[in-house]
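Report on the structure given below.
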Amino acid sequence: MPRWKALPEELDPGLAEFVEELRRLVDRSGLSVAAVADRTGYGRASWERYLGGRLLAPKGAVLALAEVTGTDPDGLTAGWELAERAWRRSETRQDTTGEALRIAQARRASTAPAPARAPGTGARAGGRLPGDAVPPGARDRAPGDRWRRPAVLLTALAGTLAVVLGAVWLTSDGERRPEARPRAKTPAAAASTAPSLPAGVRCAGDDCVGKDPERMGCGGARARTTTSVTVGTTLVEVRYSEVCSAAWGRIVRAARGDRVTVRVVAPAGATAQGRVQHGFVRDAADTDAYTPMVRVGGAGGAEVCAVLASGLDGCAE
């Protein structure tokens with residue numbers, strides 16, 4: 001029995017190629033999906049979706065898999081970037097198809113013919129139909145009798161209408177009640193029901209897990225260092241953004257081969273997925289690195305550890 005199920009036929013070829021590469025890495029490592037989940041910090045259900053082509057693995061998960069399997073992260077990152085573009089193309093096509101379906105349904109609804117009136121239900125144009133029975137003696141009545149009954153009915157209707165109007169006048173005190181009209185929502189009330197992020201901020205909470213803090217607008221002036229420690233000459237920092245409800249790790253004055261890891265330590269503010277994220281210094285010209293984000297419930301919700309190429313290590317808690 002094959003280990004992997006066939007990928008969905010509608011999957012973009014670029015994305016399918018990347019998923020196959022992830023599967024090959026897992027196969028070569030000899031690890032089960034559960035073991036991969038345990039070692040990377042991402043849930044088993046998440047990895048099943050990543051390896052099944054149902055969800056694009058976040059960059060943090062891909063880098064964690066590279067570390068676990070001993071794979072060059074640079075090549076895997078390049079493949080992930082191509083897969084991300086393919087994933088976005090797929091999402092755009094789905095949005096366009098859904099919009100086209102909605103437009104077609106609306107057009108069909110607006111052009112649908114009105115239901116035909118059942119035979120025999122239409123109003124009579126006037127007079128009697130042929131064959132209508134005539135009450136006995138009706139032909140012998142005086143001409144004035146035909147007008148007397150409508151006059152009596154009109155008088156009764158006028159009296160009833162006067163009573164109704166009088167009751168309405170008494171209950172309304174002769175004034176119109178504007179509150180009977182539906183009130184329109186004020187802009188302030190409408191805005192309060194749809195909280196929005198500050199300009200430039202693109203995620204918050206769970207939406208930030210595994211994403212780049214700088215690209216999502218969570219860094220810079222919207223972040224602060226909550227704690228730090230120096231390992232050798234390298235500064236290890238816990239970075240926290242209140243507006244994004246997220247934290248990440250950063251190392252400064254680092255060297256190629258240095259690694260930084262952020263880990264959620266406060267379960268109350270964490271999700272099962274993405275509680276550990278990793279960052280690396282890949283190029284000799286780089287002197288710093290940072291991890292993708294984790295969700296935290298507050299400034300003290302994460303710890304950051306660094307393992308340097310020189311063999312030194314330390315954590316900022």
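Count begins at 1; order follows the chain as displayed.
Cβ coordinates are placed from backbone N, Cα and C, and glycine is handled just like the others.
Taken from TrEMBL, the feature compositional bias 'Low complexity' applies to 106-122. Taken from TrEMBL, the feature domain 'HTH cro/C1-type' covers 21-76. Among the features that TrEMBL reports, region 'Disordered' is placed at 106-144, 174-193. Under the heading transmembrane segment, TrEMBL lists 151-170.
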### Task
Compute the average pLDDT of the predicted model within the domain 'HTH cro/C1-type' (21-76).
90
### Query
Using DSSP, how many residues in the domain 'HTH cro/C1-type' (21-76) fall into helix, strand and coil?
40 helix, 0 strand, 16 coil
